[in-house]
Every structure is written in C-alpha cells, then in structure tokens.
Amino acid sequence: MMAIPLFGALAMLVPADRFLRTGFAVRAFGTGVSAATLLVAVSAMTAFDFGDTSRTQLQADWAWAPAIGLRFHLGADGISLPLVVLTALLTFLCFLYTLRHPPAGGRIRLLTALLLVLEIGLIGTFTALDLVLFFVFFETVLIPMYVVIMLWGGDGRRAAAAKFILYTLLGSGLLLAGMLLVAVNAGTLDMVQLAARHGSGVSRGVQITAFALMAIGFAVKAPMWPLHTWLPDAHTEAPTVGSVLLAGVLLKMGTYGLVRVALPLAPDGAQVWAPWLGLLAVIGIIYGALACLAQRDLKRMIAYSSVGHMGFVLLGIATLTPVGINAALFGNIAHGLITGLLFFLAGAVKDRWGTTDMDAIGGGMLGTSPRLASVLTFASVASLGLPGLAGFWGEMLAMVGAYRPHADLPRAAFVTFMAVAGIGALLTAGYFLRMLAKITHGTRPAAAAAPGAVVSAQEYAAWVPLIALTLLVGLWPKTLLDVTAAPVRALFGGG
Amino acid sequence: MIQGIDYAAIAPPLIVAAAALALLLADAFDAPRRVLGLACGGSLGAALVAVIALAPGDRRATFCVPASLRGGGPRSCSYVTDDFTLLFQGIVLAAALVVVLLSLQEITDAEIPAGEYHFLLLCAVIGALTLVAARDLVLLLVALETLSLPVFALVGLRRYDGRASEAALKLFLVSVVSTAIMLFGISLVYGTTGAMHLDRIAPALDRVPSDLDPVAAVGAVLVLAGFAFKVAAVPFHFWAPDVYNGAPLPVAAFLSVVSKAAGFAGLAIVLALGLPAYGHVWGPVIGVLAALTMTLGNLVALRQRTAIRLLAWSSVAQSGYMLAPLSVGSHRLPEAVAATTAYVALYAVMNLGAFTVVIGFARRGLRGARPHRDTLDGFRGLAHRSPATATALAFFLICLAGLPPGVMGLFAKVVVFRSTVAGGVTWLAVIMAINTVIGLYYYLAWAVRLFTPPVRPFTDPLPGWPVRAALAATAAGAVVLSIAPQIVLQTVSAAT
C-alpha cells in the first residue's frame with residue numbers, strides 16, 4: 001500500500017524533460033498514483049475480516065534492525081483501518097482537485113512528490129505496529145508539510161511554516177522520550193505485545209511520567225488547548241490541499257496516537273491524567289468556539305473550529321470508557337470528512353473571490369453562486385453537529401461518555417465537563433450560523449467583484465464523495481461504530 | 001627483558017607513521033604538492049585496508065605486562081585491537097581520508113606548506129589511532145597529546161593570518177589546562193589503586209578503602225577533563241568556534257570529526273573499562289555536562305550568521321547528544337557505549353558532508369580574505385546554481401537535525417534517547433527533546449536559504465574534483481545509511 005506512493009514520489013525525481021513534460025501530465029500522474037493507492041486501501045478493506053476487527057490483520061513483519069529490537073511491522077485493525085481509508089481518499093481527492101486547480105507557485109512536480117511522501121507518512125503512522133517505526137512515520141510527515149506550507153502558502157507562510165514544524169517537533173521529541181520510557185521498561189517495541197499487556201510490568205511512576213510525555217507529544221499534534229497556537233496560522237497560510245490534509249488527516253495522528261499508543265502503554269498514567277486531559281479538552285471546545293466567533297477570515301475560522309472539534313475527540317478519550325473512545329474515533333473520521341470538505345470549499349471561495357475575509361466576500365452567495373453556497377451550508381450544518389449528519393454522533397457520544405466516565409475517575413468533574421461541552425456545542429452552532437448569515441445570505445454588495453466560474457467537474461468530484469460519506473456515517477453510524485467497537489473493547493481488556 | 005610485539009595489531013598506526021616520515025623526507029626533496037597529497041591519502045587508504053583485514057580476526061593485544069610481573073593479575077595489555085578499536089580506527093581513517101581530499105585545494109589556495117601539513121595531519125591521525133586502542137592511562141594520555149600537538153600547528157599554519165595564530169594559541173592554552181587537570185586526576189587514581197592499566201584499575205576501585213573514597217571520586221571526575229576538551233564539552237568548549245573560524249577549513253573538519261571521534265572513544269574506554277565502579281559519581285557529572293553542552297551549543301548556534309561558526313556551535317551541541325547516553329553511570333553501560341558509538345559514526349558522515357559543501361563554496365582562495373560567501377546568506381540561491389550540491393547540503397542539515405528523510409540522523413537520535421531513557425535519566429531525555437527543536441530551527445533556517453533567490457549571482461568556479469569526490473562519498477554514505485541505518489547499528493552493537 002505504501003509502495004505505490006513511494007514509487008510515485010521516486011518517479012518525480014526523473015528529470016522533467018524525460019518524463020511527464022507538462023504540469024498537467026504530472027498532476028494526472030499524481031492522481032493516478034493516489035487512485036491506485038486508494039484502490040489498494042479499499043481492497044484491503046474488502047480483504048479485512050469485519051467479524052474479528054480487534055485482531056490485527058493484514059500484517060507485514062520483517063526484522064529491520066535487530067540490534068535495537070526494531071522490526072518493520074505493519075498491520076491494521078478496526079481502529080486504524082478507517083483512518084487509512086480516509087487518508088487514501090483525501091489524498092486522492094486532493095490530487096483530483098489539483099488537476100484543475102493547481103496552487104499558485106508552480107513547481108507542480110515537487111508538490112506531487114511531497115504529497116505522495118506525506119501520504120506514505122500518514123498511512124505508515126496509522127499502520128505501524130512498532131514504536132520506533134511509528135515514530136519514524138510520524139516524523140516523515142513534518143518536512144513535506146513544512147515545504148508545502150513554505151512554498152505554496154499565503155503571505156505569512158514563512159512564520160506559519162516555522163511555527164508548525166517547531167511546535168510539532170517539540171511534541172515529537174517528548175513523545176519519543178515517553179514511548180521509549182515504556183518500551184525499555186517493558187522490554188519490547190512491539191505495539192501489539194505492549195497493548196496485550198495492559199501496562200503490566202511497568203511501574204506506576206514510570207507510567208505516569210511516560211503518559212505525560214506522550215500526551216504532550218500527541219496533544220501538540222491534535223492540537224489541544226493551550227498547545228494549539230500553531231494550527232490557525234498553518235491552516236490559514238497553507239494552500240487548499242495542504243489545509244485539507246492537515247485538518248483531515250494530520251490532526252488525527254495525535255488522537256490516533258493517544259488511543260493506539262498512549263492509552264494501552266500506560267493505562268495507570270492515563271487514569272491519573274485523564275481529568276486534566278478532559279479539562280483541557282473542554283477549555284479547547286469553549287476557546288475554539290469563542291475564537292471562531294471573533295474571526296473574520298473563513299479559513300481561520302474553520303481552523304479554530306478544528307480546535308473545538310478535536311476538543312470533543314479528546315474529551316471522549318479522556319473518559320477512558322469504550323463509549324468515549326468510540327466517540328473519539330468516530331469524531332476523528334467525521335471531522336476528517338467534514339473539515340476536509342470545508343477547506344475544499346474555502347479554497348474554492350478563495351479561487352473565486354480572491355480572499356477569504358468574510359467581510360470582503362460580503363453576502364448573497366446563495367444568489368450569485370448557489371451551488372457552492374449550498375454545499376457550504378451543508379458542510380457547516382454537518383460541522384455544527386446536526387443530527388443525521390456525521391458530526392452529530394461524535395459529539396453526542398463523547399458527551400454520553402463524559403456522563404458516565406470510567407469508574408475510577410471523578411464523575412462530578414466529568415459531568416461538569418459534559419455540561420460545558422454542551423455550551424460549546426451551542427456556541428459552535430452560533431458561529432457557523434453567523435458565518436452562513438454573513439456570506440451566503442443577505443444581499444450581494446454592489447461593489448463586489450463578479451464571482452468566478454461555476455463549480456467545475458473536478459470540484460464536484462472532490463466534494464461529492466465527502467458529502468456522501470458524511471451522510472452515510474451520519475445516517476448509519478453503525479457502519480463505523482461496528483468496526484471500531486471491538487478493538488476498543490479489547491483495549492480495555494474485555495473480549 | 002625482551003617483549004614480543006604483535007606487529008599485525010599495530011599495523012594501522014605503523015603504516016601511517018611510516019608514511020608521515022616518508023612524506024616529510026619527500027618534501028625536503030621538493031616533491032610536488034599533488035604527489036604529497038596523493039601519498040598522504042594513499043597511506044590512509046592502506047591503513048584502512050589493514051583495519052578491514054584485521055576485522056574478521058580475533059582480539060589482538062600487545063605491549064602486555066610480562067607474565068613474571070603480573071602477580072596473578074589480569075594480562076594488562078596497553079594496546080588492544082578488538083572490534084571496538086577497529087570500528088573507531090575505521091571511522092577515524094575514513095574521515096581523515098575525506099579531510100585529505102578536502103585539503104588538496106585549500107593547501108594551494110591558502111599557501112599552506114604542503115609537506116608540513118600532510119605530515120602533521122598524519123601525526124594527529126596516529127594519535128587518534130593509538131588513542132582508540134590504548135588500554136592504560138599513560139598510553140591514553142600520550143596518544144591524546146599526540147593527537148593534540150600537531151593540531152596546534154595545523155591550526156596556525158596560515159601564518160599570515162592573525163586569526164589563525166590566535167586560534168592556535170587559544171587551542172593550545174585550553175588543551176594544556178585540560179591535560180594538566182587530567183594528569184592530576186590520573187595521579188589521584190594511581191594513588192588510590194596503584195595501577196595504570198584499566199583492567200587493574202577497575203577491580204581495585206571496587207575495594208577502595210573508605211577514607212580514600214573521595215580521592216578516587218575526584219580523580220575519576222578529573223580524568224574526564226582531558227576528554228571533555230577533545231569533544232568540546234562545556235566548560236572546555238570555548239576554543240571550538242574561534243578555532244574552527246581561524247583554522248584552515250579542512251582542519252576544522254578534522255577537529256570536529258576525527259578528533260572528536262577519538263575523544264569519545266577514549267572517554268568510553270576509560271569509563272567503561274576503568275571506572276565503572278564510580279558510575280554513581282561520574283554519571284550525574286556527565287549528565288549535567290551533556291545538558292549544559294547541548295543547551296549552550298544550540299542557543300549560541302541560533303545567533304550565528306556565518307556557516308562555519310554555526311557548524312562549530314552545532315558540533316558543540318552534537319557533543320552534548322553524544323555525551324548523554326554515558327550519563328547512565330554503570331547501569332546498562334554497554335548499551336550506552338553502543339549508543340554513543342553509533343551516534344559518533346553517523347555524525348561523522350553527516351558533519352563531514354556539511355563541511356565538504358561549506359569548504360567547496362567558501363574556498364575563495366585569495367590570501368587572507370575570508371570571503372562573505374561564508375555567511376549564511378551567501379548560501380542563498382545555491383539551489384539555482386548547483387541543485388545537486390544544495391540538495392546534498394540540505395540533506396546533511398536535515399540529517400543533523402534528525403528528521404526524515406534524514407533517517408540516519410533520526411536513528412542516531414533514537415538510539416541515544418533510548419539508552420538515556422533506559423539508564424533512567426529521563427530528565428536528560430526531556431532536555432534533549434527541547435534541544436532537538438532549537439537545533440532544528442537553525443539547521444532548517446540554513447537549509448531554506450539554499451532554495452531562496454540569491455542576493456547576487458554566483459560567479460565563482462566550481463570546486464575541483466577532490467572536493468566533488470568527497471561530496472559524492474559523503475552524500476552516498478548518508479543516503480545509504482538513511483535507507484539502511486541498521487548497518488551501523490548492527491556493527492556497533494556487535495562491537496561493544
């Protein structure tokens with residue numbers, strides 16, 4: 001699965017005059033490569049035995065550096081499979097979108113190669129079953145994303161890119177220390193074995209330290225308040241495809257890591273820190289919502305809304321119950337679909353109006369470009385958690401989980417968190433409706449430039465799958481919950 | 001009394017020593033520069049072949065205490081050729097070979113006397129080769145001085161340049177002070193144990209009488225001083241930036257790689273073989289030194305505007321990472337030594353690579369005038385002029401920062417983190433994590449400059465074939481090790 005993007009990325013090294021001379025050919029090539037990857041991912045999904053989702057399937061396992069006990073161990077289970085498919089899908093859609101709308105800044109060959117490397121890193125992170133391997137893939141993502149922001153970003157890209165990479169590297173340094181702390185105490189790097197032990201053999205003190213280190217590492221990525229400040233800048237400045245992948249998949253690495261690495265490796269540590277995690281999560285929800293209310297820039301607003309949504313995901317994880325974790329994983333996928341869609345739309349808005357400033361866009365989008373506006377309305381409504389759409393279930397289940405947290409956690413605190421999160425959900429509705437009121441409704445300002453072309457086929461192609469999936473998991477949440485439920489139960493030692 | 005000498009064991013330093021003398025003589029008979037350079041490189045190559053030939057063989061030891069004087073103790077050999085020794089000798093020789101390649105052009109440009117230069121360089125290499133094989137304190141000290149003394153002269157070889165003389169003097173003073181401290185430490189250790197051979201010191205230190213315990217502890221810590229100087233650890237670090245700046249650039253590369261590798265080998269030998277009993281004393285000391293070294297090195301490197309000073313401070317910081325595993329004390333020490341060794345080996349490749357590019361482009365040989373090309377901004381637009389070189393430099397920098405695609409650097413960091421954490425020094429690992437970020441900032445800032453439009457067009461000639469060959473070799477090494485880092489990791493763990 002990863003070999004295909006790797007070959008694709010290597011092919012981009014072939015000099016321009018020998019292979020794929022035009023920019024369009026390169027983009028088509030990228031689309032083809034990512035489509036092939038998506039096909040492999042989907043076929044992996046069909047090969048996957050859904051009757052036994054808690055077992056790690058489709059494994060590949062080779063010794064890599066036996067001296068330090070490192071193995072090249074990949075595999076997928078119910079927790080990682082949806083994310084792998086999401087990654088492959090979003091990358092493919094990004095290429096499809098680029099086919100017609102290449103970002104300003106040229107050098108399309110480099111962009112294609114970087115996006116493919118990014119895809120390798122993401123899929124690798126979600127499938128790695130060896131701690132060091134996980135870390136290698138986790139880091140692989142950084143440089144390509146940095147370059148994407150740096151070369152194709154907006155005006156403040158230099159600062160944004162530097163902030164992005166420094167923040168996340170700090171996180172991953174601490175993450176490495178935490179992971180190795182558990183690994184050397186437990187004597188293995190294999191995540192399957194470590195998870196099966198449920199932390200036995202590692203002393204409580206070590207677990208507390210290790211969980212704190214790992215949680216900070218993942219929290220930077222997720223991002224959790226107050227470590228989120230890199231995110232709005234990076235999202236705002238990144239080109240459309242960069243934002244989509246950043247919001248759609250990169251953030252999931254943080255929450256996925258918490259569920260896959262931090263919880264099973266240091267369960268005792270998790271119990272100690274869970275209330276704090278929950279507290280920071282709800283602060284993130286409220287803070288993200290309030291910050292959104294104050295934004296004038298569309299992309300920045302969506303970025304802050306990510307902080308809020310990831311707050312729900314983190315709250316779900318903090319409850320340490322199967323319901324909460326399921327909610328978190330569900331929220332992950334839902335957020336990936338919806339926010340991916342929102343950033344595509346923001347990119348489309350920027351293409352047409354040349355700005356993402358909401359005041360400058362003015363109102364009346366429904367009148368001038370009805371299709372774009374209705375898709376935007378749909379995405380916003382999904383994002384604010386309308387029942388029947390994907391965003392709803394993640395938030396609701398997270399709150400349900402918080403109402404009945406793990407037996408060892410302070411229930412009063414979590415019920416408070418739940419109440420506050422509810423207010424946050426209300427605020428979320430508030431700012432999305434404000435946004436819609438501002439730009440889709442109302443009258444079009446006379447002075448505004450005529451909006452650009454109608455929605456192109458490629459844009460439809462990029463949007464429709466996301467819309468369809470949002471509806472699908474919203475109306476039949478069972479499709480997704482069934483896949484994740486069993487491995488989550490296994491995570492807590494149950495059958 | 002007559003002692004047999006195992007000439008095979010000492011072949012590598014012997015070859016280099018013979019070559020050094022021959023070169024000095026040849027220079028007296030006016031041999032052309034180019035011939036001298038090739039002969040110098042050839043001798044290093046021959047020594048490298050000898051090392052490789054010795055590698056499959058058993059452990060060899062020579063200059064042992066004769067059986068009649070042993071008194072029931074261990075064999076106590078001064079010079080031992082085991083896998084660890086050969087590994088470091090290999091690193092030293094390969095790195096020195098690259099340095100010779102880099103020197104060829106610089107010697108012509110900077111009007112350095114070629115014969116002396118090569119002679120001194122080979123002498124320093126002899127010191128390094130002996131240092132990594134030495135197993136008693138006297139030989140260690142002698143080897144350390146053999147490594148240091150020629151370097152003072154090498155640094156000052158550009159006699160017309162005031163900065164070179166200043167750098168040489170500074171290096172000399174710091175070196176003398178640290179050697180004196182080390183000698184004092186050795187005398188204390190000798191006083192408490194009555195032994196000079198490491199395999200005798202170790203058991204003796206285990207049963208030091210309690211009233212001598214503080215003496216032995218102080219002695220153990222002071223012995224570290226000499227090596228702390230070699231590896232440019234705080235507080236013996238401040239020679240590094242001025243010396244790197246003042247010395248001919250290949251000599252700076254030599255100092256930052258060969259001399260540092262030898263220093264770490266010596267440190268590992270002394271700590272692991274001689275002083276494990278006092279791990280609870282020197283462990284924390286090294287931990288604090290490592291933390292200070294990496295933090296100071298990184299923070300000051302942030303503010304540098306010239307390439308060579310940045311490399312100098314960053315190599316101080318890198319020393320901190322290499323020291324970190326040794327802070328575990330006697331707890332899981334072999335693992336820690338393996339981690340340090342792996343880091344040194346990987347660092348040698350990436351740092352030499354970075355130096356190669358800097359030398360290739362800072363070499364604007366007019367007398368005395370160190371050009372502004374040296375500043376970081378001078379590297380702007382390198383990607384437009386020669387994309388391959390720029391890509392290589394960017395790759396080396398990312399390796400040094402320890403991020404994929406520089407998988408090599410990442411693994412170097414991982415093994416260091418791992419053994420530090422395994423030894424229970426988690427606080428140091430956290431400091432190291434923060435330092436990695438600081439390091440990334442300046443490496444990345446430099447790498448980004450390569451791809452931004454140039455301030456003014458490049459008009460300089462391309463570097464000659466030796467520099468390009470060195471660049472190709474280091475780049476190939478970096479790529480291979482990034483794809484298969486296990487080559488180094490396996491060798492190292494087998495050897496230690």
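For all residues, glycine too, the Cβ spot is worked out from N, Cα and C.
Keep in mind the model is a prediction, meaning the values are calculated, not measured.
In TrEMBL this protein carries:
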- A:128-409: domain 'NADH:quinone oxidoreductase/Mrp antiporter transmembrane' (DOMAIN)
- A:79-99: transmembrane segment (TRANSMEM)
- A:108-126: transmembrane segment (TRANSMEM)
- A:132-152: transmembrane segment (TRANSMEM)
- A:164-184: transmembrane segment (TRANSMEM)
- A:204-220: transmembrane segment (TRANSMEM)
- A:241-261: transmembrane segment (TRANSMEM)
- A:273-294: transmembrane segment (TRANSMEM)
- A:301-321: transmembrane segment (TRANSMEM)
- A:327-349: transmembrane segment (TRANSMEM)
- A:370-393: transmembrane segment (TRANSMEM)
- A:413-433: transmembrane segment (TRANSMEM)
Whether the transmembrane segment (A:79-99) meets the transmembrane segment (A:413-433): three or more C-beta pairs under 8 angstroms: no
Listed stretch, out of A:132-152, A:241-261, A:273-294, A:327-349, A:413-433, that has the most CB pairs under 8 angstroms to the transmembrane segment (A:164-184): A:132-152
Interface check, the transmembrane segment (A:132-152) with the transmembrane segment (A:273-294), three or more C-beta pairs under 8 A: no
Dominant neighbour of the transmembrane segment (A:273-294) in A:204-220, A:241-261, A:370-393, A:413-433, by Cβ pairs under 8 Å: A:413-433
